[in-house]
Amino acid sequence: MKRELNINHLTRVEGHGAVNIVIENEMLKEIKLRFTEGPRFFEFITRERLYSEIPKIVSRICGICYVSHRLASSLAVEDAFGVKVTPEIELLRKLLVVGEYLESHALHLYFLALPDYMGYPSAIAMAKDYPNIVRRGFFIKEVGNRIMKLIGGKTVHGENILPGGFKSVPSVDDLKKVQEDLHRVLPEIKATISLFDSLDYPEFNDPHELQMCVEADDPLSFGDKVTLSDGTVFTKQEYELFVEEKVSDYSTAKCSTIKEKPFLIGPLARVNHYADRLLEGTKKQLFLLKNSFPSSNSLHANLARAIEILEFALRGIEITEVLINASPFKGEVPVAPKKGTGFGVKEAPRGTLYHRYSFDDTGRCVSANIITPTAQLQAVIERDLKSLVERSKEASDEELKKRAEMLIRAYDP
Amino acid sequence: MVKIGIMGLTGCSGCQCEILNCEEAIYRLIEKVEISYFPLAQDNNSFGEFEILFVEGSVTTEEDERKVKEGRERAKFLVAVGSCACYGGVQSQRNDEASLEEMLLAVYGRKELPVKVQKPRAVSEVVKVDYELPGCPLDKRQFVYAVASILNGVKPFFPKIPVCHECKLSETECLTLKGIPCQGPVTFAGCGAPCTASGVGCQGCRGNCDFPNFEEMVEILKKNGLSTGDAVKFLKVFRGYQSKEIKLSEGVVENEKGA
Ligand code: SF4
Ligand code: SF4
Ligand code: SF4
């Protein structure tokens, strides 16, 4: 008996995707996660452009995690030209990332994921019965937006984020406002953690053989190394030697593996890895939860997101304190082009992100390579879908589709 | 209830995110209209008749083309949102420099993909567009104003004056005078000039204002340190098919030599 399941248009995910599942005689025959997005040729359109144009162009890869793309490309440019930024610029960048995570994770949690668990088609529909819950999502998102607008210049695609730092920096008053906002959002974030801890996550424990994230002192830092859960640590220069990208014959996203295996990235991989290094304030919340970390249930990526925004908001408050004391400070260091190749690795909200550029001696881009979380997630989502289907053969088509969608949304590829 | 739709073609979803950032407006909107199609934010989507259909992204695949044509048939008003939909977006900036095959080979190492790919085009190059709200992303105040106007039977109107006008209004010191490359003089205002306010020259994300003088613009950019070639590339980033208007006379191009 042959059973075919097709989800032709995944909804409530950024981008366009489809899933095809074929089961024959109770055996899983085929699983394909297809990204059907049109290509945008970033590795080609950056060529011949001056280094100063690069962050602006690649920012447009994603409107939700543009800060990460802008920073990863700026880090790569600085790496190529041997530029070192000041500790204040580094802190301001981290504060910007706090904004990005608040907005991206809140969008994900409340607008993309939560409707599934609450039984609604969208957050907008949910707002009729749960106006305060939806407002909470909007509020956390708004605080993130304000930070991005303040530091970046616009909420989406802020042009003030450049190689070498920022053309202008926030005033002491602005930083105090950010601090107040972060204090005000803390109770909402804690409520978010409780809400996501209380949801009914289907039992789904198929340990991830390999997990990956940036290696640094804390999850907000931009390290130069990447760590794998099997103990391997590799440098950003070695990234392409570990993460192997293949062009897929059914998806427009490339598909990555490490040592021929799918690997987990993103909030769950990060919280699993950084659990011991979280701030005391975050750890205290973690003790109160009924779920625990490290976890191998991919759906717990949602709870991990809620924990990350608490961690980041707390770190954001510390950062504003340091910056207020350091004010006024310079936002920019000079950048002078030279021939060479630079690498930028960063944790984007959805997972590790990699940018590499080579420049000629006038600072014009000769070649580029960008490895996005989407490409790296394709294989691990397919692996998860496989194990989901194998466990839920009794489920009706309708039910199976629903579970598959929930799983994919937990990754938000 | 009248129905509205929000469709995403090939883009970054930044414009749809900006729409989702209009919290109060969304609450007011859903009292009056039904958002019957918005795949980024909901799963109960129906592709029926629309009073207004907003389209984000450029037409880059056969599927994009099919979707937007079908959308056009069902929509009373079709509004292109963002510079991808209005001009072709950043992805179309090298359309005149390379063939589709060349781009595919460079990025994917092959000439064909599992979807049928075309060179990125603006929505108006494929179907009739009633209104355009450019920007990368679009400006959310303009979105709210456009929706309110159309639903009330008023034509939304945005004068195509240059961004410089908004610097004057917000009393931002002119960057061009400080030697910083800025595209404000040839760019369609409406954003409130947030970039120049942070000290970064306008990057031209909203496309052409009326009667842009590119020749003069290139001369000014050259004074501020760019070569002719880099100035033209800088101008092209967001302008998509509008870049065709960047025609320079012999003299300007001549200067490039040795630059
Ligand atoms: S116009 Fe800009 S923000 Fe909007 S979809 Fe295109 S790239 Fe994204
Ligand atoms: S900064 Fe740019 S946009 Fe503003 S007035 Fe000067 S040239 Fe015009
Ligand atoms: S100032 Fe220029 S680049 Fe900035 S938002 Fe306005 S049009 Fe776009």
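Along the chain as shown, the residues are counted starting at 1.
Here the Cβ of each residue, glycine as well, is placed from N, Cα and C on the backbone.
In sequence order, A:Ser367, A:Ala368, A:Asn369, A:Ile370 constitute the residues six or more apart from A:Glu43 (Mg(2+) binding site) in its chain with CB-CB distances below 8 Å. In the three-state DSSP classification, A:Glu43 (Mg(2+) binding site) falls within a helix. For A:Glu43, A:Cys62, A:Ile370, the entry in TrEMBL reads Mg(2+) binding site.
Feature annotation from TrEMBL assigns Fe cation binding site to A:Cys65. Taking a C-beta cut-off of under 8 Å and a sequence gap of six or more, A:Cys65 (Fe cation binding site) has these contacts in its own chain: A:Glu100, A:Ser104, A:Ala348, A:Pro349, A:Arg350, A:Leu353, A:Pro373.
The Ni(2+) binding site annotation in TrEMBL covers A:Cys65. When secondary structure is read from DSSP and collapsed to three states, A:Cys65 (Fe cation binding site) falls in the coil class.
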Count of other CB atoms lying within 10 Å of the CB belonging to A:Ile370 (Mg(2+) binding site): 21
Chain B contacts among the binding-site residues A:Glu43, A:Cys62, A:Cys65, A:Ile370 (Cβ under 8 Å): A:Glu43, A:Cys62
Residues close to Mg(2+) site centre defined by A:Glu43, A:Cys62, A:Ile370, Cβ within 8 Å: A:Arg40, A:Phe42, A:Val58, A:Ile61, A:His69, A:His355, A:Ala368, A:Ile371, A:Thr372
Under 8 Å by Cβ from A:Cys62 (Mg(2+) binding site), same chain, sequence gap 6 or more: A:Glu14, A:His69, A:Ala348, A:Thr372
